[in-house]
Structure formats: C-alpha cells, structure tokens
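Participant: The structure under discussion is supplied below as structure tokens; questions concerning it will follow.
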Amino acid sequence: MDGKFNVTHITLDGFVELSRYRYLYFIITFTSYILIMCFNSSIVCIIVVHKNLHEPMYVFIAALLINSILFSTLIYPQILIDLLSEKQVISYTACLFQWFVYYASASSEFCLLAAMAYDRYVSICKPLHYANIMTKTTVSVFLLSAWILPSCQTLVPVVLSANMKLCTYVYEGIICSSTVYKLHCVSSRLLHFFVVAAINVVVLPVVFILFTYTRIFVITFKSCREVRRKAAQTCLPHLLVLISFSCLCTFEVLLARLDDTFPKTVRLIIALQIILYHPLFNPIIYGLKMKEIYKHLRSLFIKTL
C-alpha cells in the first residue's frame, strides 16, 4: 500500500487464523446476524401490536431491543465484508464511526436499564403513584435521554480523534473502539479526559441501578409473599441482562488497556461475546422470563405451526 493509502486506511488484525477459518467465521457471524434481527424484531413487533404491552416496562424493553438491532445493522455488514476479503482494511473515518456506534450503543443500554430499574421501583414500591409518575412524557424523556446523552458524550472524543495524525496503521481488533488512540502519533490529554468522562454514562446508571434494586429488595423483603414474587418475576430479567452486559463490558475495557502481548484469542472471544452473544441474550431472556411476552410468543409460534 502506498503512503497516501496508509494515511486514511488501517488494517484490522483481530481475527485468529482467519485464512484457515474464514468461512467458519462467516457462517457463524451471518447466522448470528440473522437470528439477532429475527429474535429482536419479533419481540419488538409483539410489543407494538398488542395494546396490553403498551406499558413503560415493555416500551423500555422494546427500546433496548431496537438498540441491539441498530448496533447489529451498523456493525455486522462491515465484519461480514472483512471476513470475505483478503485484507481486512477499513477507512479511518469508518473506524471512528464504529467506535461511535459501539460506545454510544453500550452506554444507551446502561441508561435504558437504569430507566427500567426506576420503573420497577415506582411500580413495586409506590404502586399508588405509578400512573402519575410514569406518564408518557416521563417515558419519552427517559428514552430521548438514553439515546441522546450517550451519543453526545461519545461524539466529542471521536471528533477529537478525527484530527489526530496516525503513525500506526494496524489495529488489534475486529471492530474499532476507544483504543484507536494507540494509533495516534502523539498522546492527547484532552482526548483521554473526554474518553474517561464518557465512562460516566456507564458508571452513573450502574450505581443508580444497584441503589434502586437494593431499595426494592429491602422493601419487598418486609412485604408479603405475593409482592416478593412479583418483584422477583419482573426484576430478574433486567438483573440478568445487567450482570451479563456489565461483565462483558468490564472484560473488554480491561483487555483493551492491557499490553498488546495479551493473547489475541482471548481478545477475540470477548469481542465475539459482545457482538454475537449479548444481542441474542436480551431477546431470549425477555422472551422466556417476561410472562406476557412469552405468552404472545407461544401463541404466535403455535399459529405458525
């Protein structure tokens, strides 16, 4: 590649023995993409069609699944193209766009989970005031905030990186993330500041979620058995999704900041867990654990047969 090409393009070097397992990677990734789109879209459609599911809790679930659909739609085509290409090359602009989508989507998921936690708190701990608190306006504000705030915070370091000069053109990963800064010729304190500041969109929702569910468990522990059963039934799916995604994000962040000599296979597994496993995990958990959604899914499946 000539010098001019290197200035605007970088090579992705995250796959293990791609030449040997190229088609296996492609089949697994393509199949996962189809399943992600089908599973998530099915539950979103069920929530939209059935009026008894037009409640804040199900609206937030639909938003969470739409988040997975958008993320997969913007990320998967490039990965599939890379798998069939002799050289995994991406423009620096597209790399920055992947970073933006990756972090904005992850941060939005934590914000939506925080909104769900608040909804469960009001429903279980303040049932008489639920209708007055969780109005359409409140839900709309939560949804807009969950998408706009993470996007704005992620956009700042991405824009700053766009003006940085590159000295390295090989990126250790299958999709670009904030570790793009390792390609820069000069380290920018301002860029590092905004990258760290953007973590607040994750840390603050997680702290809020833990506090909220602690309050729920303390209050329900003192209540009757029926209240405890209701709390466990509606909160468990959200907690499972939170724990799963938090663990994956923690591992990804830690590995991204460890030395590059760390096994590439481990890095690949963590990356695949986030882009393959997690978008499939959400609809499965909500489809099986949420009674009303499961009932409609079962009915739809029986009619199809």
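Any Cβ shown, glycine's included, is placed from N, Cα and C.
Bear in mind that TrEMBL entries carry predicted annotations, made automatically and left uncurated.
What TrEMBL records for 39-286 is domain 'G-protein coupled receptors family 1 profile'. According to TrEMBL, the transmembrane segment annotation covers 23-50, 57-79, 99-118, 139-160, 190-214, 235-256, 268-288.
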Participant: Taking a Cβ cut-off under 8 Å, which residues six or more beyond the ends of the transmembrane segment (235-256) line up next to it in the same chain?
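Facilitator: Sequence-remote neighbours of the transmembrane segment (235-256) are 64, 106, 109-110, 113, 116-117, 120, 124, 177-179, 202, 206, 209, 213, 216, 262, 266-267, 270-271, 273-274, 277-278, 281-282, 285-286, 289-290.
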Participant: Can you work out whether the transmembrane segment (139-160) touches the transmembrane segment (57-79), with the criterion being 3+ CB pairs under 8 Å where the paired residues are 6 or more apart along the chain?
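Facilitator: Stretch pair touches.
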Participant: Which bits of the chain, at least 6 residues beyond where the transmembrane segment (23-50) starts or stops, bring a Cβ under 8 A of a Cβ in it?
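Facilitator: Beyond its ends, the transmembrane segment (23-50) has Cβ neighbours at 15, 58-59, 61-62, 65-66, 68-69, 72-73, 76, 79-80, 83-84, 276, 279-280, 282-284, 286-287, 293, 296-297, 300.
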Participant: Using a Cβ cut-off under 8 Å, which residues of the same chain at least 6 positions beyond either end of the transmembrane segment (99-118) come close to it?
Facilitator: 57, 60-61, 63-64, 67, 70-71, 74-75, 142-143, 145-147, 149-151, 153-155, 158, 161, 175-178, 180, 198, 201-202, 205-206, 208-209, 212-213, 238, 241-242, 245, 249
